Amino acid sequence: MFEYFDLDKDEIIYSSKIFYYVIPIIIIIRIFIFRFFEFVVKCYAKKYSSTYQTLSEKQKNDWCSKSTSIFHAILVTILCIPHTLTDIIFRESNKELAFGVTKRRVDILLWTLAYLIYDSYMMIRVNRQQLSKEMILHHVVCISAFLLGLYINVGTVFMASFIINEISTPFLHLRWFFSRMNKRDSLIANINNLVFAFTYFVFRGVWNTYVFFVLCKGFWEYRGELHKSDVPFCIISCLPIFALSHLLLNYYWLSIIIYRVIQGMSCIDKIITENQTPHENQHENQIHHEDNDKHEQSQNEKGEELVDITVYGTHTQQPEDTKNAPTSTNSIRTSKENTPLLKKL
């Protein structure tokens, strides 16, 4: 029997062409698994989610597809952890990184291949008019690299190591769910944004850079054996190019995320203030009133006159003949504050 199904042997030796027919069958089965999961999510959301009922048809499709993406991300992340520890971090040499495929790696790659093919179909079907060029490039690069690595038995360890990037995907999609549930500016949503940015930076920025460095080092050390392979070296050399494309694409997305995080940091203090307890707000208001009273008293002692709370413009004095006139339509009322605008006599 083909050694892929020999549970007593970890390494796969491509001594049979059966495997070339097994790969498509496994992928098709797993595509149907993702399809079934999405169907279950849709039925559950229709019955139990009030937010889902208010969405448009396209948003309902997005709801289901993003849930499926979260399911795939959690699954492959769990599968990648032992592979990452044994094959990358605690490796004995770089030779096994350039050659050989294990059942564990193949299993991870086939799960992700099935999802990428299924997700590509859903993107075309649902977002035909708004397809993301970056996402299409990402899917094409990954599908091409995975299939190439599986069929020529080279570089699959790096492909499986890149899949741990999916650890940031659930936090990415939770942002979309928080937005649809009108909790985009809530404290928990902002915490999720920070966790997403952190996991993306660590596992897609730092980790991918490290894996790409190890890949290049391994291919360089064993370039002689790679040249002797039955597979033309020009085809094998495509794998580092695919890895570099994946790395640069994640760098591009990371730069966008960092920019948005910097913009959003100023909102966190506001969210924390809005979520304070009534007792804290009452205490702060009391201190604020006391400071205002002291300020008013000191200004009155200097012979200054208190003017209405209406602000007529920055560094602009109120005209004398408009003291008792109705408030201008261009004035800005700060009804939540008790600090008066002072005008010297």
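Glycine is treated like the rest: Cβ placed from N, Cα and C.
Automated prediction, rather than curation, is the source of TrEMBL annotations.
According to TrEMBL, the feature transmembrane segment maps to 18-37 (among others). If one looks beyond the transmembrane segment (18-37) by at least 6 residues along the same chain, the residues whose Cβ comes under 8 Å of a Cβ in the stretch are 2, 4, 12, 67-68, 71-72, 110-111, 113-115, 117-118, 150-151.
Taken from TrEMBL, the feature domain 'TLC' applies to 58-266.
Annotation source TrEMBL lists transmembrane segment at 70-88 (among others).
Nonlocal intrachain contacts for the transmembrane segment (108-124), taken as residues 6+ away from its ends with a CB within less than 8 angstroms of a stretch CB, comprise 23, 26-31, 33-35, 61, 65, 68-69, 72, 75-76, 79-80, 83, 131-132, 135-136, 139, 142-143, 146-147, 149-150, 156, 159-160, 163, 166. Annotation comment: TrEMBL describes 108-124 (among others) as transmembrane segment.
The transmembrane segment annotation in TrEMBL covers 136-152 (among others).
The annotation transmembrane segment is assigned in TrEMBL to 158-178 (among others).
If you look up TrEMBL, you'll see 190-213 (among others) marked as transmembrane segment.
What TrEMBL lists as transmembrane segment is 233-254 (among others). Listed as Cβ neighbours of the transmembrane segment (233-254) (distance under 8 Å, sequence separation of 6 or more from its ends, same chain) are residues 134, 137-138, 141-142, 144-145, 148-149, 152, 154-155, 158, 162, 165, 200-201, 204-205, 208-209, 211-212, 215-216, 219, 226-227.
The region 'Disordered' annotation in TrEMBL covers 278-345.
TrEMBL lists 280-305 with the feature compositional bias 'Basic and acidic residues'.
The compositional bias 'Polar residues' annotation in TrEMBL covers 324-333.
Within the chain, the transmembrane segment (70-88) has long-range Cβ neighbours (under 8 A, six or more residues past its boundaries) at 34, 37, 96-97, 102, 104-105, 107-108, 111-112, 115, 157, 160-161, 163-164, 166-167, 169-170, 173, 211, 214.
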